[in-house]
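TrEMBL annotations:
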TRANSMEM  18-37  transmembrane segment
TRANSMEM  49-71  transmembrane segment
TRANSMEM  83-104  transmembrane segment
TRANSMEM  116-138  transmembrane segment
DOMAIN    162-263  domain 'Ig-like'
DOMAIN    267-353  domain 'Ig-like'
TRANSMEM  365-388  transmembrane segment
DOMAIN    413-610  domain 'B30.2/SPRY'
Amino acid sequence: MCQQCSVCRTRNIMDTKIFVVVVVVFFFLGKVGMVPIQEELPDLQSFFLYIYIYTYILIFKYCRILQVLAIKFPLGKPFHIDVLCTMLSFTLISLIYIYIYIFAVHLSPVKVDVKMLVSSCLLCNSFVLACATIFFGFHVHKLDCARFQVLGSDHPITATVGGDVVLPCHLSPRMNAEHMEVRWFRSRFSIYVHLYQSGQDHFSSQMPEYQGRTEFLKGGVSNGNVSLRILRTRLSDEGQYQCLIKDGNFYEEATLELKVAVSGSSPLLSVEDYQDGGIRVGCRAAGWYPKPEMLWRDFQGQQLPSFTESTSQDKNGFFQVEKTIIIYKNSKQNLSCSVQNTRLPQEKDSSIYISDAIFPEVSPWMVTFFAILAVCLALLIFLPLIFYRLQAKHTTELEKHSAEIRERDMEIQKHAAELRWRNTIVPVEEVHVTLDADTAHPQLILSTDGKKVRRGDVRQPMPDNPERYDTYHCVLGQERFVSGRCFWEVDVGTEEGGVWAMGVARESMKRKGWINPAPQDGILALFHCGGKYWALTSPDHTALVLTQVPRMIRVYLDFEGQKVAFFNADNQDLLFSFPLAPLSGEKIRPWFRVGPIAQLSLMSPLPAPRVPSMEEPLLPSCFPLKSLSTGQKTSCTPEGRV
């Protein structure tokens, strides 16, 4: 239950004293009413005493429950609550004493004086009924006393910049608010516009922009008027305000909206220039807020359309409005421009009269002169323009040819560099690569000659030796390379949906669990999935753009040049090359990964490709893979070979 308001405190103290006296008196009356019952039933004397005390406690708990219900579900005036509680109390106590009577008659071995017993019960019942009635009569009315409403203005309040404005707020019903807390604030409760508490103004946490500009109107506080005056109003004062009144733990609040307005300068009219056979007249007004409405009118008061309109706002937030209109000879020469504030009933206007004498007069010789002048100006303008366009067209063609020449030079240099690089890595013999069954994942199926591999549907029973891959579907070649130059070819097929990867790996790479196919983990390879190709670089894979889908891929391993390169064996295009540095210092083995649908086949050695002469033209995607400098043959040196 909320605390009582200051208006009711004095009366409630007196009510409480009266209630205590009445309770004591009726307590003894109830005790006297129990004497006949005890005399008639001496064996049940203790029982009736307990029943009497229990009933006394029960009725006050019952009153407390009704009091809480009255708070949660108020019925209106206290009289209505008293009547309801009295009826319920009488019903409850009657039931209790009827039960006591029946219980006493059945337990008593002697004849009981029924009249005496009933009169005593009624006396006790009257005591309890009187207590309940007095309790609610003096105390339940306090519930309505603590409730009040806070009312503000139901429409926005308008103030002028630099003037004072009063924000109205009062209590309903009217009551004394001198000992209440009145807090005016905006968006934040803790930082207030003004605080009135314990009969005094407080400014410790007042918003800085309101310091020295607020005044709490204390003259009407005793009548519930808690209005606030704001001095020297600013544009920043515009917005919503909260008026909160708190009495004890009970509070209510109201929301008010303040709008600020200011009327600026009178409109300034000016004759600006000749335009479109008439005269352009401008109207300007500054220092208005909010944006004012500017109108052109003729001498009859009819509104005229504007030619141009512009609005700007200065650093202080005030608006400047400018409109122009074109006036023609013999039509609407008497003009007025008015500016009106949309929030204040204020309007300022200015007028101007345009004489016929200032309108331009056009003579025939002037027309001829301006026509000849226009032709001359056109020749002066268009002849250089035509010459410039011809020159620009010629320059564009020259730049286009130059770009084509530069592009061809770059392509030739690129192919020459590629040819020189291939000249250093192309071996003269192909090595035999055979798949190592001891490293193959149990789900991979190898051919008997160790030249083909595909992925099966189930895992095969294989010994779990340390060399075998157990998670990734990979297999290594049996050969281990340590020096020299060599290459081998792999038929990847034409299935676009196949998933595979191929390249080289260091022998010490991880075989068990999750593998990251990247250079830092000892793998240099290409990857294919869904018809797309990637080089497995790090940290991101490199997408490859191919001119032709490879059916057979040639892998070059060059220890001297420290490179691993992948070529399309069908057209000799370079697909990608890796530096060999991440694998240096270890034995290198061919590495393959086979996914669904795919099948990889290791090709048998073929005769070395023909080496074209230096006089043959160098075409894109058609490069020889033989050494162009000498006919000397070099090859990789597998482990155990020289």
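Cβ atoms here come from the backbone N, Cα and C positions, even for glycine.
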I'd like the per-state residue tally for the domain 'Ig-like' (162-263) from DSSP, helix first, then strand, then coil. 12 helix, 50 strand, 40 coil
Suppose you look only at the domain 'Ig-like' (267-353); what would the mean pLDDT be? 85
When DSSP states are grouped into helix, strand and coil, how many residues of the domain 'Ig-like' (267-353) land in each? 0 helix, 56 strand, 31 coil
